[in-house]
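Q: I have a structure I would like to understand better, so I am pasting it below and will then ask my questions one at a time.
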């Protein structure tokens, strides 16, 4: 049984901080930030809301609705960041290019960024966007944790097989340092496991618990 996670209390008092269209509009680059990324329609906003027990991120039936860097305050030193969704076919190409430019600027310059949570639809994993984020994570040494979202859409055995297959592919191409798990927002599957990863990155766990979270 996992110990009570200190991030839960912080999330209960989480609040919207600011939206930024580009890097120079972001909050002061201090403290610790964890960013959430995912291709449009991968369930990113639903996952963020479920992990924080709050309706922080805007959800919509239209993928790509989140077009800004959205910052949420946990306390004076810790933030969560909802990054723009990418890849939705109906989004105009110039807007897609704007998103990519400023996402790359954020990822490349943000000193407070301490971890990246990447959402992949379990039925359509390892898209071009996902591979780009994996490449960047390995090249930059940024800790990355993958949520295979919408795991409830598959039978349990099929979901486990998908997890094993994706894990093997990631280890083959990107090495052993990337963690991955099943996740379902409606069923709250994998919530505690993901919260432990967040707490470790945000320096909220005793050393021994942090090491356990990293091994998950």
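Including glycine, each Cβ sits where the backbone N, Cα and C put it.
Residues or ranges marked as domain 'EngB-type G' in Swiss-Prot (evidence: sequence analysis): 30-204. Among the features that Swiss-Prot reports, GTP binding site is placed at 38-45, 64-68, 82-85, 149-152, 182-185, with the record citing sequence analysis. Marked as Mg(2+) binding site by Swiss-Prot: 45, 66.
If you look at the structure here, what lies around each of the features I listed?
A: Mapped onto three states, the DSSP output places residue 38 (GTP binding site) in strand. Remark: residue 38 (GTP binding site) has 44, 47, 83, 85, 118, 119, 120, 149 as non-local neighbours, by Cβ distance under 8 Å and separation of at least 6 in sequence.
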Q: Tell me which of the binding-site residues 42, 45, 68, 152, 185 sits in the most Cβ-dense spot, judged by other Cβ atoms within 10 Å.
A: 42
Q: If I take the alpha carbons of residue 185 (GTP binding site) and residue 45 (Mg(2+) binding site), what is the distance between them in whole Å?
A: 10
Q: Rounded to the nearest Å, what's the C-alpha distance separating residue 45 (Mg(2+) binding site) and residue 68 (GTP binding site)? Just drop the number here, would you?
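A: Per the Cα atoms, residue 45 (Mg(2+) binding site) and residue 68 (GTP binding site) stand 13 Å apart.
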Q: Where does residue 152 (GTP binding site) sit in DSSP terms: helix, strand, or coil?
A: helix
